[in-house]
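Enquirer: Pulled from Swiss-Prot, these are the listed features:
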- C39-C55: disulfide bond (DISULFID)
- C44-C74: disulfide bond (DISULFID)
- C53-C70: disulfide bond (DISULFID)
- C56-C63: disulfide bond (DISULFID)
- 1-22: signal peptide (SIGNAL)
Amino acid sequence: MSSLYFAILCLFMIFLVPLHEFGNAQGSEAELQLDPSMCLRVECAKHRNQKWCFCCAGLPRTCFLDKRGCTSVCKRESPSMA
C-alpha cells in the first residue's frame, strides 16, 4: 500500500510543475506588455525596410524598431518627469 501512496505523490508533484511554470509565464509576459501611455506604434519613416516603429509618447523623435527598446528608454525618460 505504501508504494501506491508514493506513486500518487509522484503524480501529484509532476502535475504541479506545469502549474508553477504557467504562473511564472504570466508574470514575465506582464513585463513585456506595451504601456499605451508610454510607447506608440507608428509607421516608420526612417526605416524603409520595416513598416512599424515604436515611439515614446512624449518624445516623438525617439523611435525604436522593437517594443522592448522603446519601453526601456521611455521608462527612463518619461515626459511627465521632464
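Positions of Cβ are set from backbone N, Cα and C atoms, glycine also.
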Enquirer: C44 (disulfide bond): which of the disulfide-bonded residues C53, C56, C63, C70 have a C-alpha within 10 angstroms of it?
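Expert: Close disulfide-bonded residues: C53, C63.
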Enquirer: Sequence gap of 6 or more, C-beta under 8 Å: which same-chain residues meet both conditions with respect to C39 (disulfide bond)?
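Expert: Result: F54, C55, C56, A57, K67, C70, T71, C74.
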Enquirer: Any idea which of the disulfide-bonded residues C55, C74 has the thinnest Cβ neighbourhood at 10 Å?
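Expert: Lowest Cβ count within 10 Å among the disulfide-bonded residues (C55, C74) is C55.
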Enquirer: Taking only the Cα atoms, work out how far C63 (disulfide bond) lies from C53 (disulfide bond), in Å, as a whole number.
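Expert: Approximately 6 Å lies between the Cα of C63 (disulfide bond) and that of C53 (disulfide bond).
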Enquirer: Under a three-state reading of DSSP, tell me whether C44 (disulfide bond) is helix, strand or coil.
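Expert: Looking at the DSSP assignment, C44 (disulfide bond) belongs to neither helix nor strand, so coil.
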Enquirer: Which one is it: of the disulfide-bonded residues C44, C53, C56, C63, C70, which Cβ has the fewest other Cβ atoms within 10 Å in this structure?
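Expert: It is C44 that, of the disulfide-bonded residues C44, C53, C56, C63, C70, has the fewest other Cβ atoms within 10 Å.
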